[in-house]
Structure formats: C-alpha cells, structure tokens
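S.K.: Below you will find the structure I want to go over with you.
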Amino acid sequence: MSATKPRLRSTQWFGTNDKNGFMYRSWMKNQGIPDHEFDGRPIIGICNTWSELTPCNAHFRKLAEHVKRGISEAGGFPVEFPVFSNGESNLRPSAMLTRNLASMDVEEAIRGNPIDAVVLLAGCDKTTPALLMGAASCDVPAIVVSGGPMLNGKLEGKNIGSGTAVWQLHEALKAGEIDVHHFLSAEAGMSRSAGTCNTMGTASTMACMAEALGVALPHNAAIPAVDSRRYVLAHMSGIRIVEMALEGLVLSKILTRAAFENAIRANAAIGGSTNAVIHLKAIAGRIGVPLELEDWMRIGRDTPTIVDLMPSGRFPMEEFYYAGGLPAVLRRLGEGGLLPNPDALTVNGKSLWDNVREAPNYDEEVIRPLDRPLIADGGIRILRGNLAPRGAVLKPSAASPELLKHRGRAVVFENLDHYKATINDEALDIDASSVMVLKNCGPRGYPGMAEVGNMGLPPKLLRQGVKDMVRISDARMSGTAYGTVVLHVAPEAAAGGPLAAVRNGDWIELDCEAGTLHLDITDDELHRRLSDVDPTAAPGVAGQLGKGGYARLYIDHVLQADEGCDLDFLVGTRGAEVPSHSH
C-alpha cells in the first residue's frame, strides 16, 4: 500500500457538512444506512449484469452478495448497481451491436456516482469486454469476477459441449444421421446449470483473458458457476477491491502493453475464441495501449495449444478447472520460456508469475505438456491480401489441416437471408472444393457483426460425408464453433471492402502458413467491380438509415474489425474526474 492514501472520489459527495453533503447522505439513508457508514470508507460499486434474459448470468444476485460480504469485511461500503446485460443467447440481432452501448452504461454509471472502485460481475460473452471497456475509460481501481462455466453437458452418458454440440447435432440432423427427437433431447442436457458455455467459447475465453491480463484473481476463469469456490473467489475479490481503492491501484497500472502480450500468448495456448482479437483491441483502445493485428502473429505464432478443450479438443470447462485451470497453463508457458512478460502486475499486487509459479497440473490429458500439444502452432492467424487488405482471422486449432492451404471456386451469398434461402437447394452449384463466401454480415452490414461466419454446409454435401469447407465472411463466429472459417474480413462489404466484389465462380486462394487471402482477379477488375457497389444498399444499413435510434448511431460510428469495432468517439480514456453537482 502506498504511504499516502489517494483522495477518494466519494468524499466529494458524502464528506462535507454543507447542503450538498446533507442531501446526498439523506437520500442514501432512506435505505437504512447508519451514520457511521459515511465515515470516509471506500465506496465500492458492484457492477451487476444479472438478468433473467441472460441465463449465463442468472446466478449473479447471489454472487453479488458474496462480493458484498468481502467488501464489508475489509471495511468498505458496497453499493450494487445494474448495467445493460447484453447476453448472447437471446439478444437480436447480435450482442456485439450492444457491447459498446453496455460499455457506455458502465462508464457513465461509474463516473457519475460516488464510486471509488468497482467490481465487475461479468459472464456471457460480451459482458466481460463491455465492463472492462467502460471501467478502462474511467481508469478506476477495478477487478473482474466472472460468473463461471456451466456444469458439463451430458447426453446419453457422454459429455457434450455448449454451442459445440448444437453445430454437431444440427449437421447430423441435416445429414440424416439422427432424427428430430434425438436432436431436441440434447437441449436440457447441454445446459444443466447456471453459468456460461461449458466449452472454450468466447465467455470462457474472455474470463481467461481477464485472468491473463491480471484484472482478476487466480482461478477466476474456470471455477464452475455453481461451485462454492466461485463464491469464495467473489468474497476474496470484495476484500481485495477495498485494498485496491486505498492503494490507488487503477486499471492503467495493470492493463499495460505487457499485460496484453501475455493475454495474446495465453489465448493461443488455450485455443481461445477469435472474438478475443476484437475485444482485446477495443479494451486496449480505451486504456490507450497500442495493439495491432500483427501482434497476434508476432506473439501468438509458434505457440502450442496445450489445452484439450472443446471445440478444438475433447474436454469441457469443468475438467479444465479440475486439471488446474489457467494458472497451470501460465506456469507451463512460463517454464517453457513462452510467457512474454512474467513480471506484469496483477490486481492482487503480485506479478503474474508470482501468482502461477507453484500452480499444480492434475491432468496432463487436459492441460498437456509443451512437447505433446493439441496443436503445435495454435495462435490465431492473421490473413491479408487483396480480399482482406486490412486483415482477416482464422483459428487453426478449430480448422481442418488439409484446408489451410486451398484454392477453390467461390459460391457467394449476398447476405444471411440469401444463404438461408439457397443453402438447402439440391440444385445449388457447390462441391467440397468450393469456397463459401458470405457478405454483408460485418459491423455495419448486419448490423452488429453476428456470429454467422461458420455457415452450415449444404445438406447434399453433408450426406456425402463432407465435414468441413473453407468459409469466408466479414462476420464473427461463436467461440464454441469450429471449422476452416475465415472471419472479420476488413474492410467489410458494407464499408466498400473487396469482399463486396466477389462473384460466383471466382477463384480464391487461402494460404494460412503464408498468411494470405487472395481473390484471383486483376486489380483493374476489382476496382471496376467495387465502383458499382453501393455500401448503403447492404440490408442491415439500408434497413436502419431511416429509423434512427442506437442502431443508426452504431452504423454511423462503428470502427472496423481490425480496429476493435468500438464507436469512434469512445476510443480513449476520459478519466473519473468528479462531475459538477446535480443540484
């Protein structure tokens, strides 16, 4: 703890005996708060994304109670407040559309209220980046408490994974391998408790990223949602955030360039979601840390994927916790000289390496040795070329090795509705060597960059035993999904990107090793085609231009995938200077 305590923001509400202090205290006292609670102790916000519409976060009211116990025990004053809960499971057209809106909610709630530090209760995919983005814009002391994954999914005595099983079973249904009854019987078995997806999807990936970044306590990522140790971690986080408030340990001291480099390496080791590329860029943008797509190649390249979890591997998240969780992975990386910045500071005041140097590994089938990885080179690939001049991403650990270098004929879907209307057509001119191309599903074009990039294959090819094809889009893909899928093509079609120029029958070349994605037409032909494209005609854009509202604001200001899909006016740190009095 520093020798001089920082001045707490909350004293500018409750620390005076004038009219303003009287009013602020009086209003709070209608909740039964006694005088001694206003003695200058740190006021700790608990930013809660609980909602019955976000089943991943359905247990957060109980989680918040355990955080409060820790805060009170440490001498703090807990105040819980709600923010927009942008859950992936129900929210249309995409939770990505409202990630930035949720971050604005968080930022303004922190800055405008008597909050000295904040605990971020995050669970479903976009809640973690949204909360971190908002808190980073204020640069206050903050700690992430993730909700944790669901219990293992079960079907007919076997483990099944959230999301992953949906894609697998639906493909089997379309191929005629199972009937509808068998397909629907998996619903309850896949989701057996509160919590996030029990695979290494985006929610678990971002929980791991929070831990690797140092903004969460060790083991935050993997403890199952309904395990009592999840509530112990919440309690201990409540204790620690009070200490952080008194120490002045703000996010900018933790979310450094070194921390982001550690997170990129960790993402490769766990086989994490491609969505982390967008979210880490957005968080870095809010805290003022430069982070580029090339960093993913430089740091992630040649990193073995050593965690054998669905969708890349065999096991669900519950087994990951029992094996040792992320600390065991980080220790293994560190001992192999693969942890870029072991001295990076974390929320408990220790270095990342100090937190993990003694971490045990209880199951080397789940967390493998470096010399026996699941994938020898598992880092997310960044692709560039005339089809993606500002980049695209591909996840090798979820792809088919034989398709990572491929040349095929394009089968083009102008938008998601076009895909849905034609994919089941037995007359569709497509074969296993074709490259499926989906346009107008990016940040502006959808809008909100939905998770539709892992297009299901045509039933006629599934019946032939085809399991994977090269797919290219400006969309995203669920972290629970798999396949040789090129995502986040930038610029997107609805921003006038080259993807808009692709036509049926064009030849496309993918070379993952070389990092290239090439449309085999001349530059002159590409320019000629693009001159005929009207980006405002994309269905997602055209459908919103006359309506106004948040979606219109988003379309007008959203950045491209390589820039993190933040709104242009939100990038940067605005601090937590106390605003003027409200009366």
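Every residue gets a Cβ built from N, Cα and C, even glycine.
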S.K.: Quick check: of CYS47, CYS56, CYS138, which does Swiss-Prot put in the same [4Fe-4S] cluster site as CYS124, CYS197?
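M.R.: Candidate in the recorded [4Fe-4S] cluster site: CYS56.
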S.K.: Near CYS124 ([4Fe-4S] cluster binding site), which residues of its own chain have a C-beta under 8 A away, given they sit six or more steps off in sequence?
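M.R.: CYS124 ([4Fe-4S] cluster binding site) has long-range Cβ partners THR49, THR54, CYS56, ASN57, SER85, ASN86, GLY87, GLU88, SER89, ALA95, GLY147, THR196, ALA203.
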S.K.: Taking only same-chain residues 6+ apart in sequence, whose CB is under 8 Å from that of CYS197 ([4Fe-4S] cluster binding site), what do you get?
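M.R.: Listed in sequence order: CYS56, PRO149, MET150, GLY161, SER162, GLY163, ALA203, SER204, MET317, GLY479, THR480.
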S.K.: List the other residues in this chain whose Cβ sits within 8 Å of the Cβ centroid of the [4Fe-4S] cluster site residues CYS56, CYS124, CYS197, in sequence order.
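M.R.: Not counting the recorded site residues, we get THR54, PRO55, ASN57, GLY87, GLU88, SER89, GLY123, ASP125, GLY147, SER162, GLY195, THR196, GLY201, ALA203.
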